[in-house]
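Copied over from TrEMBL, here are the features:
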type	residues	note
TRANSMEM	6-24	transmembrane segment
TRANSMEM	31-53	transmembrane segment
TRANSMEM	65-82	transmembrane segment
TRANSMEM	89-107	transmembrane segment
TRANSMEM	119-147	transmembrane segment
TRANSMEM	159-182	transmembrane segment
TRANSMEM	188-208	transmembrane segment
TRANSMEM	220-238	transmembrane segment
Amino acid sequence: MFTTQVHGWLYAAAGCYCIAWIWFGCRQWGAGRLALAAGFLLQSLYLVGRGWLGDVFIPNPLVEGPFFLPWCLALIALVRAVTRPKLALPWMMGLVVIFSLLAAFYAKGMIPPTPKKMTLWAVLFFASESMAHALFYSAALYAMLAFSRKGLNGAFHPLLVWGFVAYTMAQVTGAVWCFVGWGNTFSWGARHLGSAAIWTFFAASLHLQFIPGWKRSNSFMIIAGAAMLFYISYGHYFHEMHFQRVGG
């Protein structure tokens, strides 16, 4: 595909996100939407191009976390830009820009997939996991802003709920993939234990609403959960940068 191994598409997408960030900061909602939509389109084309890194289309590189996560965040920002553009959108775009820059400096090649990864369950796991991460980070952002802006009280909760739903889907599809590939649904490795810790933490955060005075405590919990999520997930991503890659 024409975007395969042409990383300028990713850099151009990050540039459009930066422009959208500036426009939203200046309260130019229309121009910001156009820049955001352009960046989203460019990044979508780049992701599809990653599927051809091995000369034959393989969906696994398309949903690799460091690259698919900014796309998920941009999708959330795009929906917010259309439905509720004035609800802390410049801050949301800042989140998109940060993770897009991380993707820009990440190893661009494809980790050759083993036969155990050549299944739809693996693709569904990574896709739903990245979307859940994006929703959790977005929830943490709104939880942080809620301390200083009264209009944002509770704005993080729908994002948290949908993030938990997506992450539960990731756990289910991951368990099926694990069973198909390795004959069991769970492994006592760092990857599985990290996922279990994240799921358990956010499950506990959701239940804080049943405790008196839960709103402020829950805000702290969501922010702490996002920090833990970043430490665990990007710890794995940075480790995988040293894996052998092709097509980069």
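Every residue, even glycine, has its Cβ placed from backbone N, Cα and C.
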Q) Counting only pairs at least 6 apart in sequence, do the transmembrane segment (119-147) and the transmembrane segment (220-238) share 3+ Cβ pairs under 8 Å? A) yes
Q. For the transmembrane segment (65-82), what are the same-chain contacts with Cβ under 8 Å, counting residues 6+ beyond its ends?
A. 10, 17, 24, 29, 32-33, 36-37, 39-40, 43-44, 46-47, 50, 89, 92-93, 95-96, 99-100, 102-103, 106, 126-127, 129-131, 133-135, 137-138, 159, 233-234, 237
